[in-house]
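K.L.:
Take this structure first; my questions come after.
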Amino acid sequence: MTSKLEQKETPQANGAVVPGDCLAGPEPSEFLGPDGVEVVVLESRANAKGVREEDALLENGSQSNESDDTSTERGPEPASPLKETSFSIGLQVLFPFLLAGFGTVAAGMVLDIVQHWDVFKYVTEVFILVPALLGLKGNLEMTLASRLSTAANIGQMDTPKELWKMITGNMALIQVQATVVGFLASLAAVVFGWIPDGHFSLAHAVLLCASSVATAFIASLVLGMIMIGVIIGSRKMGINPDNVATPIAASLGDLITLALLSGISWGLYKELESKAYVNPLVCAFFISLLPIWVIIAKRNSATREVLYSGWEPVIIAMAISSVGGLILDRTVSDPNFAGMAVFTPVINGVGGNLVAVQASRISTYLHMSGVPGDSPGAGPRRCPSPCSTFFSS
């Protein structure tokens, strides 16, 4: 056995001959094959592309890059976040936020007009419904906009199948939440109206239930369709949906909800004397649709978890808003607070509009960084400073 293998041509087991100059690099090892043929085995090293060195020794001495690319199946690349600057974020948020402000002012003007209607005079518990149903804008529509914006940014709405899945599941989910929250809000209005006065009217209770459930259902349906169109359109135009969807939901939510509540309650109040069966039928109709929306949302993997775990924040927010409605009911009848109704939607809505934008952006960032329940691996420290948390982009 020679001691200078690098200067000789070594025969292989299959009869192939490897030139000696190709053996520079890893140290070879020798052993005798079954036929007594001397075999030289090279230790393999993998390069960065996962190609072993002995596989790179082709007959023409070249490496085929095309075969590597075609033989490896590449999965779908994760969605990359939109490139944004502080100026672009501010520009995108500014106009929807101003539109949201005008929407709340318009809602206040509507409330100032309808507070003198007969239904608001003789069924004063309707005032208790106003903050609770206006709160549905933040409890349901703005959370819907945040969920769909996050799904669009992380690539879960890129194909028509995924888009249709997200639309059907989320629309069914908000109908479930709107029906339940509207019914609970009417119960809270009845209780809060009965405790101070000690007077209970079954006809007024059914009127409140029918008005609340119908308003919540129709408003959520209309605003949900608008939000879906806004998110799809903004994504195609290269605008981050997180910056525009929630303010637009805020701008339209107050006005549409208050207009629906006023019109529906006024119409049902007119039928209260002559056709007393209308109010129970309206209430029973919307509640009977509840199992259908539950089944659709439960069968959709995108909304199944929210259907089970998303009730506590919504119900707590509704309870807090109902307490605010009780305060509104006591102040609108006081001459010292004659202009309170005009400013109520503005005061309720302005604070949450920008907070909703920031919450939606944070949710998208967390979903891009990892799965729910795990902190982002790139986080520099467990407790970041307040400045970097609230003032960085």
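Glycine is no exception: its Cβ is also placed from the backbone N, Cα and C atoms.
Because the structure is a prediction, the values reported are computed rather than measured.
For reference, TrEMBL lists these features for the protein:
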DOMAIN    130-264  domain 'SLC41A/MgtE integral membrane'
REGION    1-30  region 'Disordered'
REGION    49-83  region 'Disordered'
TRANSMEM  93-113  transmembrane segment
TRANSMEM  171-195  transmembrane segment
TRANSMEM  201-232  transmembrane segment
TRANSMEM  244-264  transmembrane segment
TRANSMEM  276-296  transmembrane segment
TRANSMEM  308-328  transmembrane segment
TRANSMEM  340-359  transmembrane segment
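How about a rundown of where these features are and what they're close to?
P.N.:
With a threshold of 8 Å between CB atoms, the same-chain residues lying at least 6 positions outside the transmembrane segment (171-195) that come near it are 124-126, 128-129, 132-133, 136, 139-141, 144, 204-205, 208-209, 211-217, 219-221, 224-225, 228, 286-287, 289-290, 293-294, 296-297, 300, 303, 306-307, 310-311, 314-315, 318-319, 321-323, 325-326, 329.
Counting only same-chain residues 6+ beyond the ends of the transmembrane segment (244-264), those with a CB under 8 A from a CB of the stretch are 92-93, 96-97, 99-104, 106-107, 110-111, 114, 117, 126, 129-130, 133-134, 136-138, 141-142, 144-146, 148-149, 210-212, 214-215, 218-219, 222-223, 226-227, 230-231, 234, 345, 348-349, 352-353, 356-357, 360.
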K.L.:
Near the transmembrane segment (308-328), which residues from the same chain, at least 6 beyond its ends, have a CB less than 8 A from one of its CBs?
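P.N.:
The answer is 127-132, 134-135, 138-140, 177, 180-181, 184-185, 188-189, 192, 340-341, 344, 348.
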K.L.:
Under DSSP, the domain 'SLC41A/MgtE integral membrane' (130-264) has how many residues in helix, strand and coil?
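P.N.:
Split by secondary structure, the domain 'SLC41A/MgtE integral membrane' (130-264) comes out as 120 helix, 0 strand, 15 coil.
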